[in-house]
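Have a look at the structure below before the remarks.
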Amino acid sequence: MLIASQMEPTYARRVYPCFDEPAMKATFNIRIIHDPSYVALSNMPVIDISEVKDENGSLWTVTTFNTSLKMSTYLTAFVICDFDYVTRTERGNEIRIWARKEAVKNGYVDYALNITGPIFSFLEDMLNVSYPLPKTDLVALPDFGAGGMENWGLMIFQEASLLSLPSDEFTSKKAMITFIVSHELGHQAREWFGNLVTMNWWNDLWLNEGLASYFEYLGATFVEPKLSLDKIFYDHVVQPVLREDSEIARSLSVNEDKIKGSFSLMSLFDNITYSKGAAITWMLSGFLTERLFIRALTSYLKEFSFSNANQDDLWTHIQMVVDAQDEVWLPAPVKQIMDSWTCQNGFPVLTLNLTTGTIRQEQFFNKNNRKSTDSYNNTWIIPISWMRNGSLQPLTWLDKSSKMFSEMQMSESEHDWILLNVNLSGYYRVNYDQINLKRLAHLLESDPKAIPAVSRFQLIDDVFALTDFGYVPIETALELTKYLAREDELFIWNAVLSNLIPNTLESTLKNHEVYPLLKKYLLKRMLPIYHYYAGFIRQNVDALEDDYFAQVYLEKLLATACWLGLQDCLDLSSELYAKWRDNPENKIPFLIRRTVCCYGVAVGSDKEWNFAWEMYNRTDRTEEDEDILLNAMSCAKETWLLYRFLQYGLSDTLFYSNCTSVIISHVVTKDIGHRIAWEFVTENWPLLNQGYGHELLHDVLKVMGRFVKTDVQIQELQVFYNATLEEDEREAFTMLLESAKLENIEKRKLLIKVADWLEKNIDD
């Protein structure tokens, strides 16, 4: 048995009567009556434990906690459990980490204990604020909806976010724990967010979470110096949210009257709040300099501790700090600059004409489906960090819709080039003119390291995003991939591969004339980085434990090499799989297990498949093994094996543990599996419908939609679902397939262009 609370945003009112608003702060006296074999935890330290008898004469324990500091209702918390803990004291603050007894005994929480104290101290020193509570508990729950929750003095995590096996030397697992712990501690040290200073109301939630996300990365790279702050921040925070932000119609700070009832309140806990909030903070800290930014935060914190503030209060404090010095110059008041980023939807794209030195801004939107009625006349006040021919130039600003920068006019020389938004200091995309892009492409081919790694990533990410949204033709993006044989950064390769071969296209690309061209073009460029990593995998995979991006992205590189039919990659997968089959102690290296198992089965016969099935049925497998093996068995190249796999899925044990739908969804995404899975679903529909209902059909049809190019193909699917679905659902599916068809026709046109370009450039 276990009880734990989660009050944010509006659940405290379900636990005790209260005015459940973040601005209404109070002190709390908490007392919990519980079974004597359990321990009770709350925000504050225990001051008394006594016994009480109930009317049946049974004994209960009464745990009383000290009066809390003044705080918001959403931060009150309690846990009743029979866990164990490990503890250490950092600057008088007792830190305890609680988890299931066996997890503590096996040392699974040691890593989290080792980093918690140092991150706390780092944040305290940086912000010049001392932590106001005498203790901090971190609890790992077997099941918890969020990654972590920052209740003051009693932080709650899901096990995966806090436990690390001592054998997990792998940085990526530890890095994830570091990021999550660091994020929640950022709330604790109460920089300006959360407990010490709370937003006036939820519409400024981004102040809370955006700042915690920003400090999460500073704290994490402080305790794990091997993590590269700017690469990880761009790759994990900025790039994904730029992709999302152009599709979402909401600004960072939302008008109070827009949020009615707690339903839309929950929707604020999204990537815009967390990641865009962090990216905007990163930009702010960049143009202010970190020194002034932290100085302003510290003064803000001192003034508003134990009370409430909104974003304007923060801008006022930053303004005071800016006014008191003369090194940093701003083109407008802080509030005006920052409101342009927090109160408007989306973000700008800068379009350059470097013959004249003109830069103009507009909102970045999808030109392919623009409605003439949409008006996008937003302007932002944009900090522009830039370099010319490799040397950094003074920061400049674009504060109107367009402006001429004479210092940016380019000369005739091939070797004169300009790069904007260096290391992604600003939250926007850049659309270069053809002349400068050509020069950058040549520079990449002759000396890729002349452009910083984060800027190379950004160049590629921007140009593919501009292609998707109809600003530039696909050929422009492809020109920037010619240099890749000289690219040794996995996170950049990952950006290229995710754009060229997105997961949704994998199964359909194989049947297209672009495949052999892509194979020749990409493999030629992938070989250097592939062989570099394959060497480690064969000889000494442990040497990669500090290479964070290898932990995260080596799998995609390897999977692509195998998918493109690179013989060495297929051989490597068979070798490692065979070793594992001969002796299950010869584990496949963790970071490439999924790919090796898939291709081990694909290249093998029924023997390899049967071994995967046998391992799947072992009792000591973990959830991760389970998914890897189910996926591997769907990689088989023999149709009868796939049929048998789907049949096995109907056995009672798999059927009742929800695995049947997982098996179907793995098989349906494979190039030979999608027809087989579809036939299987239609033949066994009465049974499947009873177990999984229409959700399964929806998932299967969504994948089938990737293959639909004609009305005849749609009709074939319709025949089936017209007979099985209610009318309103039929309409929804028909619309889903219609839009899939149009998308596929567009994709086809695009692939023909890609194929033409590859034909011409294949031998460069």
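Cβ from N, Cα, C; glycine included.
Because the structure is a prediction, the values reported are computed rather than measured.
As recorded in TrEMBL:
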type: ACT_SITE; residues: Glu184; note: active site, proton acceptor
type: BINDING; residues: His183, His187, Glu209; note: Zn(2+) binding site
type: DOMAIN; residues: 2-75; note: domain 'Aminopeptidase N-like N-terminal'
type: DOMAIN; residues: 111-341; note: domain 'Peptidase M1 membrane alanine aminopeptidase'
type: DOMAIN; residues: 417-724; note: domain 'ERAP1-like C-terminal'
type: SITE; residues: Tyr274; note: site 'Transition state stabilizer'
Quiz item: In Å, rounded, how far does the Cα of His183 (Zn(2+) binding site) sit from the Cα of Tyr274 (site 'Transition state stabilizer')?
Solution: 10
Quiz prompt | Other C-beta atoms that fall within 10 angstroms of the C-beta of the residue listed as 'active site, proton acceptor' | solution = 26
Exercise. Give the distance between the Cα atoms of Glu184 (active site, proton acceptor) and Glu209 (Zn(2+) binding site), rounded to the nearest whole Å.
Key: 9
Quiz item: When DSSP states are grouped into helix, strand and coil, how many residues of the domain 'Aminopeptidase N-like N-terminal' (2-75) land in each?
Solution: 7 helix, 27 strand, 40 coil
Quiz item: Distance between Glu209 (Zn(2+) binding site) and Tyr274 (site 'Transition state stabilizer') at the Cα atoms, whole Å?
Solution: 5
Quiz item: Which value does the mean pLDDT take for the domain 'Aminopeptidase N-like N-terminal' (2-75) in this predicted structure?
Solution: 94
Quiz item: Within the chain of Tyr274 (site 'Transition state stabilizer'), which residues six or more apart in sequence place their C-beta under 8 angstroms from its C-beta?
Solution: Glu209, Gly210, Ser213
